[in-house]
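Student: First the structure, then my questions, so here it is.
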């Protein structure tokens with residue numbers, strides 16, 4: 001059997017995975033900033049790295065999986081001030097919501113889930129090491145900054161050079177910085193900020209910059225050199241680039257061996273963005289779709305590829321998952337142990353060992369389901385159920401799932417038909433120049449979570465929001 005190979009962003013290639021310590025894997029994934037509900041992009045990060053850690057454990061590794069929580073940040077402070085509540089009240093509420101969303105999606109809790117505010121001393125300790133090593137300075141405005149030009153390998157993860165970055169500079173000018181690209185390690189507290197947003201230090205009262213949080217938590221919990229660091233593609237630069245610069249300048253050694261990044265989530269082929277009003281929270285999605293369907297939708301795309309979210313694609317995922325459960329409906333699985341020597345299991349394992357290639361692994365499940373349908377073989381049914389379980393799927397009683405799925409499909413079809421009927425009524429109102437009625441129908445649909453977009457030629461498209 002092939003060894004596990006992982007696409008390493010640092011090397012820009014697949015590499016055979018060899019842990020630093022035989023049989024042990026230490027992995028850190030950047031988690032959420034808890035000032036709002038988690039969105040579909042967060043769901044992808046959680047599902048992708050849940051599958052990664054599940055597969056590493058399946059291979060027999062002793063895994064320590066850390067996924068942090070950022071609970072101090074400018075966005076958090078602004079939201080708490082807007083709401084008139086404390087930082088802790090706000091972050092506790094959204095951490096609870098995060099856990100509810102993750103549990104619904106079948107995400108196994110990380111072994112360690114550190115909050116940034118519990119590691120302020122470690123962050124300050126790393127900043128002091130950077131200052132002692134000549135990589136940090138306190139500016140005239142009180143902020144402590146990282147001197148990017150001092151780190152010779154800056155840009156090695158993203159492939160960006162300092163010259164290219166300066167040529168395309170979009171960072172707001174700050175006369176206190178030695179270089180516009182320098183980034184903040186410790187932010188000086190401002191008089192108007194709430195008292196619960198700062199900590200005393202030798203640099204004055206303030207709070208950590210975002211990048212130093214992950215460096216300090218990773219090094220403290222997993223050691224100064226560990227195996228895997230993961231996160232969304234959007235974090236590759238500058239966040240992960242800055243983590244490398246901080247950590248390696250502080251410790252004098254390699255920070256991480258393998259860097260993994262999952263692809264963007266797109267909404268109807270456009271990048272998900274609040275500015276485009278195509279932004280969906282996990283709870284909005286789960287109000288409409290079964291959580292296992294959403295997990296399956298994410299799992300059957302390769303983690304490095306863009307993921308296009310749409311009602312059509314989710315409906316397709318529901319139908320596909322239904323086919324897998326249908327194969328198990330009338331066949332009782334024989335036994336509770338996976339036979340890894342069986343041909344389908346061997347192919348599944350080969351796919352997962354090829355950079356966690358879940359699309360191929362899922363295709364093996366469908367071939368196996370077809371064979372179960374043909375033979376009614378309890379041993380093959382066992383293989384199907386247990387291989388699905390490896391990636392967090394097919395854990396429910398088939399008839400219960402199928403009954404629920406049939407009901408959801410019927411409701412979805414009825415809703416779609418009702419929406420189309422309202423669109424037709426709106427078109428008729430416009431034709432009759434009753435624009436008040438047409439606007440009223442649009443408003444009613446929007447209140448029901450359906451946005452309309454008029455296209456050339458009199459066509460109207462709709463989507464759920």
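Glycine too: its Cβ is placed from the backbone N, Cα and C atoms.
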Student: With Swiss-Prot as the source, which of 271-275, 276-280, 281-285 is set down as motif ''KMSKS' region'?
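Tutor: That would be 271-275, per the motif ''KMSKS' region' entry in Swiss-Prot.
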Student: If Swiss-Prot is the reference, give me the range from 21-31, 32-42, 43-53 marked as motif ''HIGH' region'.
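Tutor: Going through 21-31, 32-42, 43-53 one by one, Swiss-Prot flags 32-42 as motif ''HIGH' region'.
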Student: Across the motif ''HIGH' region' (32-42), what does the pLDDT come to on average, as a whole number?
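Tutor: Across the residues of the motif ''HIGH' region' (32-42) the model's pLDDT averages 95 on the 0 to 100 scale.
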Student: If the Zn(2+) site is taken as the center of the Cβ atoms of 30, 214, 239, 243, which further residues of that chain fall within 8 Å of it by their Cβ?
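Tutor: Sorted by sequence, the hits are 210, 211, 213, 215, 218, 229, 231, 235, 240, 242.
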Student: Specify the count of other C-beta atoms within 10 Å of the C-beta of residue 214 (Zn(2+) binding site).
Tutor: 29
Student: Only counting partners 6 or more residues apart, tell me which same-chain residues put their Cβ under 8 Å from the Cβ of residue 30 (Zn(2+) binding site).
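Tutor: Looking at Cβ-Cβ distances below 8 Å from residue 30 (Zn(2+) binding site), excluding near sequence neighbours, one finds 45, 67, 68, 214, 230, 231, 232, 235, 239, 240.
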Student: Neighbour count, 10 Å Cβ-Cβ cut-off, for residue 243 (Zn(2+) binding site): what number do you get?
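Tutor: Within a 10 Å radius of the Cβ of residue 243 (Zn(2+) binding site) lie 28 other Cβ atoms.
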